[in-house]
């Protein structure tokens, strides 16, 4: 059974006299820094000199300094920059300040799980991973609630690593909802698997393949877009609110019957075998090795994949149709922009 922890099991006073450095001020960094500060903790934000976020931190009324300065001042250092780049950042700016008794924290276990960051033996290494994007972590906290989080300890040099991580989660507001104990390996492997098989890779490939099937059969691309892309949100929202059962309660009996009869034809034993292989590649480190090498080589395949999908007909049609629907709050990525 999962171990769950709540507000009454976390002691925020453990961190009252432990300066905290938040490294990065993106989606999660912004939320962590502001929530912890509002919880009465001593927070500073570490950024590269000249970072575009420097002024934003100052506008938020928080202390801002270089990464190295923040790491030196802090007892707890939370790294909230993109996975690729963390190892170099750690080696050059954080590692020199990690004296025995300090804590190194993460919100995702990639660099610890795959050996890109190897902390010294004398420090605590833990993780607090809110299960929501940063803006939602902040929004729910301000409303008096919290989002669930995962918590893990990789290295407990002081004997209090878990209790400190739990207190940190309380500072974010996460123990108001509930915090689930896990391990760095479990969080990392399941997170990558979910992204690849369902949330990003699986859904994207399914949507494109279904769209292409309809268009090749002679149906209008606009109609195919509505059926295969646009309406997906309606179903996902039902999943989000009440799971598979609530979705099936909410759709027509015809749709539910098609769910039962057609779904297994899409997710076949061959599909499941591919899922198992993807998981094996994650567990063995093959995926991480490939991704790290891709970045070292300047991302040629990554950029080619991205450009190919930008030019896919479903994206061309989608841009036009979303202009008809201002109520969906359309967004467009400008050339050269990309995710973290």
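Counting starts with 1 at the first residue shown.
Cβ from N, Cα, C; glycine included.
Positions annotated as domain 'KARI N-terminal Rossmann' by Swiss-Prot, on the basis of sequence analysis: 2-182. In this model, the domain 'KARI N-terminal Rossmann' (2-182) carries an average pLDDT of 97.
For residue 27 (NADP(+) binding site), the number of other Cβ atoms no farther than 10 Å from its own Cβ, over all displayed protein chains, is 17. What Swiss-Prot lists as NADP(+) binding site is 25, 26, 27, 28, 51, 53, 83, 84, 85, 86, 134, and the listing cites sequence analysis.
Counting only same-chain residues at least 6 apart in sequence, those with a Cβ under 8 Å from the Cβ of residue 108 (active site) are 83, 127, 129, 187, 188, 191. Sequence annotations record features per position, and here Swiss-Prot assigns active site to 108.
Marked as domain 'KARI C-terminal knotted' by Swiss-Prot on the basis of sequence analysis: 183-328.
The feature Mg(2+) 1 binding site is assigned by Swiss-Prot to 191, 195. In sequence order, 201 are the residues of the chain that are 6 or more apart from residue 195 (Mg(2+) 1 binding site) and have a CB within less than 8 Å of its CB.
Look at Swiss-Prot and you will find 191, 227, 231 tagged as Mg(2+) 2 binding site, backed by sequence analysis. Just so you know, the Cβ of residue 191 (Mg(2+) 1 binding site) picks up 18 other Cβ atoms within 10 Å once every protein chain is counted.
Cβ neighbour count for residue 252 (substrate binding site) (all protein chains, 10 Å cutoff from its Cβ): 9. Marked as substrate binding site by Swiss-Prot: 252.
Neighbour count (other Cβ atoms within 10 Å of the Cβ, all protein chains): 11 for residue 231 (Mg(2+) 2 binding site). Helix first, then strand, then coil: DSSP counts for the domain 'KARI C-terminal knotted' (183-328) stand at 126 helix, 0 strand, 20 coil. Take the Cα of residue 27 (NADP(+) binding site) and measure to each of the binding-site residues 227, 231, 252: the nearest one is 231.
Distance noted between the C-alpha atoms of residue 25 (NADP(+) binding site) and residue 231 (Mg(2+) 2 binding site) is 34 Å.
When secondary structure is read from DSSP and collapsed to three states, residue 27 (NADP(+) binding site) falls in the helix class.
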